[in-house]
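Novice: For reference, TrEMBL lists these features for the protein:
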- 95-129: repeat 'PPR' (REPEAT)
- 165-199: repeat 'PPR' (REPEAT)
- 200-234: repeat 'PPR' (REPEAT)
- 235-269: repeat 'PPR' (REPEAT)
- 270-304: repeat 'PPR' (REPEAT)
- 305-339: repeat 'PPR' (REPEAT)
- 375-409: repeat 'PPR' (REPEAT)
- 410-444: repeat 'PPR' (REPEAT)
- 445-479: repeat 'PPR' (REPEAT)
Amino acid sequence: MIQEYNPTLIAICHCVVRRHLPLPLQLPPSSSPTIIYRRRVAGAIVCCCSAAPVDQHQERPWESYDRDIQSHAGSDLALSFVLLADMQAAGARPSSAAYARLIRALARSGRTLEAEALLLEMRRLGPPPGAAHYNALLEGLLARAHLRLADRLLLQMADDGVARNRRTYMLLLDAYARAGRLEDSWWVLGEMKRRGIRLDTAGYGMLVRVYRDNGMWKKATDLVMEMQELGVELDVKIYNGLIDTFGKYGQLADARRVFDKMRAEGIKPDISTWNALIRWHCRVGNMKRALRFFTAMQEEGMYPDPMIFVMIISRLGEQGKWDEIKKLFDGMKNRGFKESGAVYAVLVDIYGQYGHFRDAHDCIAALKAENTQLSPRIFCVLANAYAQQGLCEQSVNVLQLMEEEGFEPNLVMLNLLINAFGTAGRDLEALAVFQHIKDSGMSPDVVTYTTLMKTFMRAKKFEKVSEVYREMERDGCTPDRKAREMLHDASIILEQRGCIY
């Protein structure tokens with residue numbers, strides 16, 4: 001599998017160079033062999049050299065190398081690769097378990113090319129990779145929305161005679177459900193049934209998501225009855241899925257009933273529960289209930305989600321209730337939400353009457369001054385805040401700052417960038433970002449397509465709306481209700497103009 005990245009907008013480049021040393025007898029004489037390894041610093045991979053004195057009387061056991069490689073893979077990946085280089089220089093090779101840990105750690109950190117290189121090394125030099133190794137790389141590809149590369153990996157897995165297991169199918173089902181790919185989701189469910197793999201609680205939760213995203217909320221309630229008949233335990237994720245499903249289709253009374261039932265059965269709401277309740281009540285303009293849930297969440301000792309906070313202050317800002325926004329923020333500070341306080345303060349200023357942080361660089365500098373731990377999610381939240389105000393240049397600046405901090409832009413961030421350009425009426429730039437997503441090997445999801453359709457609706461380029469819709473269908477992405485409504489509206493306008501598409 002070869003991944004090509006377009007450097008024009010976003011440089012997402014990984015490289016890995018494996019040095020296979022010759023046999024010990026062929027090594028050039030050296031009293032202090034130099035170990036060359038690669039270390040990732042702030043998003044780049046740089047070469048480092050260290051002179052490693054060798055004790056001729058004491059050789060480190062193979063088990064010690066292998067154990068330490070595995071133990072450090074999750075916390076200090078660079079150190080694991082230093083140990084791997086030492087181990088291979090000594091003529092030893094890591095175990096299958098160590099390879100699995102390394103591939104999983106690389107894939108989860110977005111370094112899929114390096115993870116793939118390790119998998120290829122196993123195929124060539126051994127030990128032969130198993131389902132755990134393929135699944136580890138598959139997880140990274142799906143998380144990065146590289147669905148086509150994931151398909152190629154599955155073909156390679158089959159060619160190597162490695163059987164897909166429950167983990168493989170659950171990764172696929174989760175990715176297809178999130179991307180709004182209904183037909184692919186049904187295919188996975190059919191394969192699981194054919195192979196006798198029963199859905200567990202997590203699988204049913206994904207199925208609820210599929211029903212939710214495709215307008216089948218009544219089937220979601222039937223599914224819960226099926227689970228109860230089969231004795232499958234209802235956990236917080238199932239309840240969250242139901243609440244989100246009812247909320248999305250305006251059945252807020254049913255959503256609140258599910259919430260009450262959940263608490264009556266002793267299941268504690270998590271942050272996703274509160275987010276769903278607040279989000280959908282904000283969406284319909286019921287700010288009184290939304291703020292009530294917002295307060296209850298804080299009384300439960302949970303940090304408010306910055307994305308939800310953006311929605312709340314956006315709604316209140318539209319109504320000119322800046323005093324109420326300040327009151328909310330002061331209330332959070334009084335409850336001791338010190339860790340996230342800087343983030344919320346910046347968001348309030350972005351939406352404030354005077355816009356103290358209109359510049360993304362000042363915004364990030366303010367967060368650093370408060371010793372806020374930056375993360376991809378914080379960058380996405382800030383980009384979204386700027387996007388909703390139509391400040392697309394600042395959204396781009398957030399993207400660049402994110403890269404400078406060593407975080408790779410993901411599909412969520414690029415979708416936000418499309419939305420920022422669309423809100424500012426710059427449909428050509430939005431289309432360029434969409435093309436970049438495809439050129440970089442990512443697979444656009446339903447949010448990508450609907451956001452681009454919304455951009456063309458705002459630009460009154462209604463013929464483009466139907467083109468994007470058809471491309472969405474060709475790409476195997478199932479249009480949601482919002483996309484169908486925009487297509488309907490665009491088609492009516494085109495008919496009125498005498499255009500046929």
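Cβ coordinates come from backbone N, Cα and C, glycine included.
Automatic prediction, not curation, is the source of TrEMBL annotations.
I'm curious about the neighbourhood of these features; can you describe it?
Specialist: In this model, the repeat 'PPR' (95-129) carries an average pLDDT of 90.
Sorting each residue of the repeat 'PPR' (165-199) by its DSSP state yields 27 helix, 0 strand, 8 coil.
Per DSSP, the secondary structure of the repeat 'PPR' (200-234) breaks down as 27 helix, 0 strand, 8 coil.
Residue counts of the repeat 'PPR' (235-269) by helix, strand and coil are 26 helix, 0 strand, 9 coil (DSSP-based).
For the repeat 'PPR' (270-304), the number of residues in each DSSP class (helix H, G, I; strand E, B; coil) is 26 helix, 0 strand, 9 coil.
Taking Cβ pairs closer than 8 Å, the repeat 'PPR' (305-339) reaches residues 271, 274-275, 278-279, 282, 285, 287, 290-291, 294-295, 298, 345, 347-348, 351-353, 372, 377-378, 380-381, 384-385, 388 in its own chain, all 6 or more past its ends.
Across the repeat 'PPR' (375-409), the DSSP tally of helix, strand and coil residues reads 26 helix, 0 strand, 9 coil.
Outside the repeat 'PPR' (410-444), and at least 6 residues removed from its termini, the chain residues within Cβ reach (under 8 Å) are 3-6, 8-10, 12, 110, 143-149, 179, 376, 379-380, 383-384, 386-392, 395-396, 399, 402, 451-452, 454-456, 458-459, 461, 464, 472, 475, 477.
Counting residue by residue with DSSP, the repeat 'PPR' (445-479) contains 26 helix, 0 strand, 9 coil.
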Novice: Quick test of the contact rule: Cβ under 8 Å, at least six residues beyond the ends. What residues does that give for the repeat 'PPR' (270-304)?
Specialist: 236-237, 239-240, 243-244, 247-248, 250, 252, 255-256, 259, 262, 311-312, 315-316, 319, 328, 331-332, 335, 337, 339-340, 344
Novice: For a three-state summary based on DSSP, what are the helix, strand and coil counts in the repeat 'PPR' (410-444)?
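Specialist: Tallied per class, the repeat 'PPR' (410-444) gives 26 helix, 0 strand, 9 coil.
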Novice: When DSSP states are grouped into helix, strand and coil, how many residues of the repeat 'PPR' (95-129) land in each?
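Specialist: Once the DSSP states are binned, the repeat 'PPR' (95-129) shows 27 helix, 0 strand, 8 coil.
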Novice: Taking helix as H, G and I and strand as E and B in DSSP, count the residues of the repeat 'PPR' (305-339) in helix, strand and coil.
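Specialist: Breakdown, helix to coil: 28 helix, 0 strand, 7 coil.
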Novice: Six or more residues out from either end of the repeat 'PPR' (200-234), which same-chain residues have a Cβ under 8 Å from its Cβ atoms?
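Specialist: Same-chain residues near the repeat 'PPR' (200-234) but 6 or more away: 170, 173-174, 177-178, 180, 182, 185, 189, 192, 241-242, 244-246, 248-249, 251, 265, 267, 446, 478, 480-481.
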